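Below is one structure; the comments refer to it alone.
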Amino acid sequence: MTAPDSDLTIDPEALRRRAETALRTARDRTHTLTTCVDEPDLTAQHSPLMSPLVWDLAHIGNQEEQWLLRAVGGRDALRPEIDSIYDAFEHPRAERPALPLLAPAEARGYVHEVRGRVLDILERIELRGAPLVDAGFAFGMIAQHEQQHDETMLITHQLRRGPAALTAPPPPAADGAALSEEVLIPGGPFTMGTSAEPWALDNERPAHRRLVPAFHLDTTPVTNGAYERFIADGGYTERRWWTADGWAYIQEHGLTAPLFWRREGGQWLRRRFGVTEPVPPEEPVVHVSWYEADAYARWAGRRLPTEEEWEKAARHDPESGRSRRYPWGDEDPTPAHANLGQRHLRPAAAGSYPRGASPLGVRQLIGDVWEWTSSDFLPYPGFRAFPYREYSEVFFGPSHKVLRGGSFAVDEVACRGTFRNWDLPVRRQIFSGFRTARDAS
Ligand SMILES: [Fe+2]
């Protein structure tokens with residue numbers, strides 16, 4: 001008999017400190033992302049796909065006010081008149097620049113005031129009882145929300161024209177070990193999702209058993225070098241590799257390479273956070289849509305992994321039969337395990353992070369690039385929307401594909417083996433890559 005799920009019992013004081021650290025870490029990053037450019041840059045819309053940075057900033061504070069000050073703390077509303085301006089469902093991104101947004105200084109003052117009151121509540125509140133406060137859930141949810149907007153803001157920085165505003169050291173090099181191209185994941189049941197992780201979001205719940213037949217999975221994400229071979233072999237000009245929708249989309253938009261790539265002097269260049277550089281062949285490819293990932297896999301004689309295949313490769317420990325939090329075990333990620341948290345502004349070369357490998361030797365499942373899977377975003381059996389339908393439930397269905405594993409732009413608080421991201425198959429401004437799979441028989 002195997003244990004059903006990770007066993008996580010954390011004492012309330014440790015949870016309080018964890019919540020405080022998660023909130024502070026998120027705020028430090030928000031500060032970096034919103035102080036490295038000037039005011040006109042903060043209020044400009046750099047792409048119709050994105051909000052002005054100053055919208056994200058005040059939206060972060062407004063969500064924190066609504067959930068932690070009002071819902072959890074029972075305090076009176078601080079700025080109820082701005083709720084509608086910062087309601088993501090009421091205003092699509094393209095129309096946000098026309099709203100009467102708080103100016104940068106006012107937005108900074110607002111998020112600072114909310115945070116001061118929230119830390120006061122966190123010191124006093126008992127982190128048990130109602131589902132919203134139990135194990136500090138709402139604090140974890142809001143820290144994750146801020147980090148997710150920090151990732152969104154990093155995408156805005158990538159889309160922004162002009163000189164570089166952000167810098168970071170390069171990620172560690174690959175360890176040079178000879179890796180097999182793929183890893184066999186034996187067939188059998190495993191536990192998918194979680195009922196134990198205290199800050200897991202509704203769509204990751206509950207833990208349940210899934211039978212996954214044996215399959216082979218790429219040891220690392222697909223690299224730029226491999227992707228260049230797909231392009232050179234007519235990948236974008238041969239209809240047979242593409243789904244009907246994908247082919248129509250690349251024809252309509254004239255796509256011939258990943259976003260931010262351009263061909264010059266016989267080589268591929270890319271623009272990355274304001275710097276133009278040759279595309280490094282050893283790095284995982286990033287900024288590809290689901291359509292492109294799917295076409296590449298077909299060209300390679302393979303397919304994208306399903307979401308359950310990905311999670312089994314990332315969490316199942318063949319020795320104990322248990323599903324763990326991460327490929328390397330249950331301990332939180334460190335800089336030696338994975339490329340997370342905007343510590344570096346690029347994915348690490350394929351074959352990096354040996355300490356982050358799974359028991360069977362699959363590498364870089366966590367961090368580096370989000371990985372497209374073949375799966376639609378659907379609820380698990382027994383799913384219950386919490387704390388609001390708009391978190392996940394309204395996105396379930398065939399229009400969104402699941403991405404797994406997080407990217408270099410994701411903080412560890414919003415990244416675990418069970419974490420599910422979803423997006424439209426056309427999206428490629430996100431930090432998305434993929435790896436491929438094939439049936440074992
Ligand atoms: Fe949001």
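Cβ atoms here come from the backbone N, Cα and C positions, even for glycine.
Quantities reported herein were computed from a predicted structural model and do not represent experimental measurements.
Of the listed candidates (His46, His59, His216), TrEMBL assigns His59 to the same Fe cation site as His145, His149.
For His149 (Fe cation binding site), applying a Cβ distance below 8 Å and a minimum sequence separation of six or more within one chain yields Thr30, Asp56, His59, Ile60. Ranking the binding-site residues Glu95, Asp423 by the number of CB atoms within 10 A of their own CB puts Asp423 at the top. Under a cutoff of 8 A between CB atoms, and with a sequence separation of 6+ in the same chain, the neighbours of Arg96 (gamma-L-glutamyl-L-cysteine binding site) are Gln45, Ser51, Pro52, Trp55.
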